[in-house]
Amino acid sequence: MWFSKTNFPVEGKTALIVGASQGIGVNLAERLYEKNCSTILVARTESKLQHQIQNIKEKYPESSAKISYAVADVSNYDECTRLWRTIDPADPDILFCCAGSSIPKLFQDLTKVDIESGIDINYKTVINVVHTGFKHALSNNTDNLEPHNFKKRSVVLFSSVVSFFPFIGYSQYAPMKSAIESLSIILRQELSPYNYRVTCVFPGNFQSEGFEEEQKTKPDITKKIEGPSNPIPGDECARLIIDQLDKGYDSITTDFIGWFLGCSVLGISSPRQWGFFQILVSFIVSLIAPIANWFINRDIKNSFKKTKKE
């Protein structure tokens, strides 16, 4: 697949981007609009959406595409149903589910609000939008087309590298991102007969408002295990994602460490990226993982001992 770049044509298409008031959602909107792909930005705050649309139009005045927005809290199922009815004439070809938020804390420090927002923002926003969108497509099949005659659509879900390697500090976030990976596998099986392509993205650290917020609550032990981080620019992250989609990959990482960690959890149903090399790396990881895990657990125990003394 790596030599082909014709698997994700966007010119003349319409993309619905959920979680597009900031971060990677905006970066993707810019990339797509630049490629003459009409975009519909979705988020909860209208003023932010209006601001982003104005910036994108000013940045790419040559684009012939349309850009608009829809205000919706997609963690609410009924609002998702309303969303699809509102944008019905557009009938998006591509759906990006980018909404997400991490609040890194020790489990004992999480609040009820933290836990509920983790479920709402990181999981319900995805399953609600995809489910209502698919049901909407089925209800619009007034010509009684056979599943294989449905128009081609793409669904791109955003998980995280922490779904490959969950560790201390991410209990509010990582389990939901693992759920997104599982959901992508099931959707690929259930929606592909209807001409849906389902892709799961596992981004590493990239520059965004969310990344800056994470640093405010991230425990020291989490930072130590994570190691020094040099987040890539958000627009570079978006470029990599679209490039990998174009090459036909349906399991996408945005940096080497993400690809490496993904090798440790190849599984049965997950699509692969440079699969032969992943098998080799997976074998190596299986040998060194117990050693690495011993050091991680040692550091965690020492961290709690230090905290107790203080």
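Just so you know, glycine gets a Cβ as well, placed from its N, Cα and C.
Per Swiss-Prot, active site, proton donor is recorded for S159, and the stated evidence type is similarity to another entry. Marked as active site, proton acceptor by Swiss-Prot: Y173. Marked as active site, lowers pKa of active site Tyr by Swiss-Prot: K177. The NADP(+) binding site annotation in Swiss-Prot covers L16, I24, D73, Y173, K177, S208. Taken from Swiss-Prot, the feature NADPH binding site covers G19, S21, G23, R44, K48, D73, and the record attributes it to similarity to another entry. Residues annotated as motif 'GXSXG' in Swiss-Prot, with similarity to another entry given as evidence: 19-23. According to Swiss-Prot, the transmembrane segment annotation covers 276-296.
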(request) Out of the recorded positions L16, I24, D73, Y173, give me the one sitting nearest to R44 (NADPH binding site) by CA distance. (result) D73
(request) Drop a 10 Å sphere on every Cβ of the binding-site residues S21, S208 and tell me which sphere holds the fewest other Cβ atoms. (result) S208
(request) Round to a whole number and give the Cα-to-Cα distance in Å for the pair I24 (NADP(+) binding site) and S159 (active site, proton donor). (result) 13
(message) Spatially, which candidate from the recorded positions G19, K48, S159, Y173 is nearest to D73 (NADP(+) binding site), comparing Cα atoms?
(response) G19
(request) Return the maximum Cα to Cα distance in Å (whole number) over the record's NADPH-binding residues: G19, S21, G23, R44, K48, D73. (result) 17
(request) Counting other Cβ atoms within 10 Å, pick out the least crowded of the binding-site residues G19, G23. (result) G23
(request) Starting from the Cβ of I24 (NADP(+) binding site), draw a 10 Å sphere and report how many other Cβ atoms land inside it. (result) 27
(message) Taking DSSP as the reference, which of helix, strand or coil describes L16 (NADP(+) binding site)?
(response) strand
(request) Would you mind pulling the DSSP three-state label for I24 (NADP(+) binding site)? (result) helix
(message) Please report the three-state DSSP label of the residue listed as 'active site, lowers pKa of active site Tyr'.
(response) helix
